[in-house]
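Taken from TrEMBL as is:
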- 21-41: transmembrane segment (TRANSMEM)
- 27-314: domain 'Sugar phosphate transporter' (DOMAIN)
- 53-78: transmembrane segment (TRANSMEM)
- 117-137: transmembrane segment (TRANSMEM)
- 144-161: transmembrane segment (TRANSMEM)
- 167-184: transmembrane segment (TRANSMEM)
- 205-222: transmembrane segment (TRANSMEM)
- 242-263: transmembrane segment (TRANSMEM)
- 270-291: transmembrane segment (TRANSMEM)
- 297-314: transmembrane segment (TRANSMEM)
Amino acid sequence: MTAKGGATPSPGGLSGLANGRFFTVGLVTAWYSSNIGVLLLNKYLLSNYGFKYPIFLTMCHMSACALLSYAAIAWLRVVPMQLVRSRVQLAKIATLSLVFCGSVVSGNVSLRYLPVSFNQAVGATTPFFTAVFAYIMTVKRESWITYLTLVPVVTGVVIASGGEPSFHLFGFIMCIGATAARALKTVLQGILLSSEGEKLNSMNLLLYMAPIAVILLLPATIFMEDNVVGITIELAKKDFTIVWLLLFNSCLAYFVNLTNFLVTKHTSALTLQVLGNAKGAVAVVVSILIFRNPVSVTGMLGYTLTVIGVILYSESKKRNKP
């Protein structure tokens, strides 16, 4: 016993606590690495390497997600498999998959034209679009303070856009589209899969969404990115590195989803919120160091204002929870 009468923690208990902390730190590190890694590798492939086929790249991602999701759930049993119970539920998942495809493809297209730093600044406005879609589709109203916190979110992006040396209008539109589609998927998921019988955890949802996404992306790839498979084979004959880059990038896209699920499971909502807000800032710093893209003081001030707005929005939402 301690002097105050409390029990002294046993060596085994301390060891378990330390192991638990190491496990959590490892998970967060893997989550950050996979998220930032796939973003930077997408940018490198689509912009620096010159592989200008964002739809095919997204299809590779979805193919890897479909295969690895099945392996993780059916064989490794990372989570129990949840079955689709009806055609109606499958149609709802297909709708989510379509929006998901639009978000990922638009995001990848934007990376061809915009630096990662500006891409992340625009992506940080997701809460704004989520609030708009939630209001339109569910008539869900937030408190006036919550809506007020969205002002710096949007203002920051406007300032960052004006101060971005590498601003590209089409890339900006694609990035806004990707951000809006990501928010729309979140709201739609809450509406379409709201009943207890239809709710799926994120891993099982990916298991069903990914193959549907491949089916949706295949005709788009054939018609919009002519002879992309033949071009990729020719590239591989000259430099086989492209094959390893595509394989690694596609696997990394799956691990983004896996680590996101595990971090959500093993940390608190508050920790996840703080880590999520910091992740974008880390991605911006790392991308600037790697790609050496020019940045302006105005652009960084705008991005900082957006991040502050996102933090205030998250805090307001938490305090106004019923």
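Keep in mind that glycine also has a Cβ here, set from the backbone N, Cα and C atoms.
Of the ranges 21-41, 117-137, 205-222, 242-263, 270-291, the one with the most Cβ pairs under 8 Å to the transmembrane segment (167-184) is 117-137. Against the transmembrane segment (270-291), the recorded stretches 21-41, 53-78, 144-161 differ in Cβ pairs under 8 Å, and the greatest number is found for 21-41.
Taking Cβ pairs closer than 8 Å, the transmembrane segment (297-314) reaches residues 117-118, 120-121, 124-125, 127, 146, 149-165, 273, 277, 280-281, 284 in its own chain, all 6 or more past its ends. The stretches the transmembrane segment (242-263) and the transmembrane segment (21-41) meet in space: the count of Cβ pairs below 8 angstroms, excluding pairs fewer than 6 apart in sequence, reaches at least three. If you look at the transmembrane segment (117-137), the same-chain residues 6 or more away from its ends with a CB under 8 A from one of its CBs are 39, 107, 110-111, 146-147, 150, 153-154, 156-157, 160-161, 164, 166-167, 172, 175-176, 178-180, 182-184, 186-188, 191, 280, 283-284, 287-288, 293, 295, 299, 302-303, 306-307, 310, 313-314.
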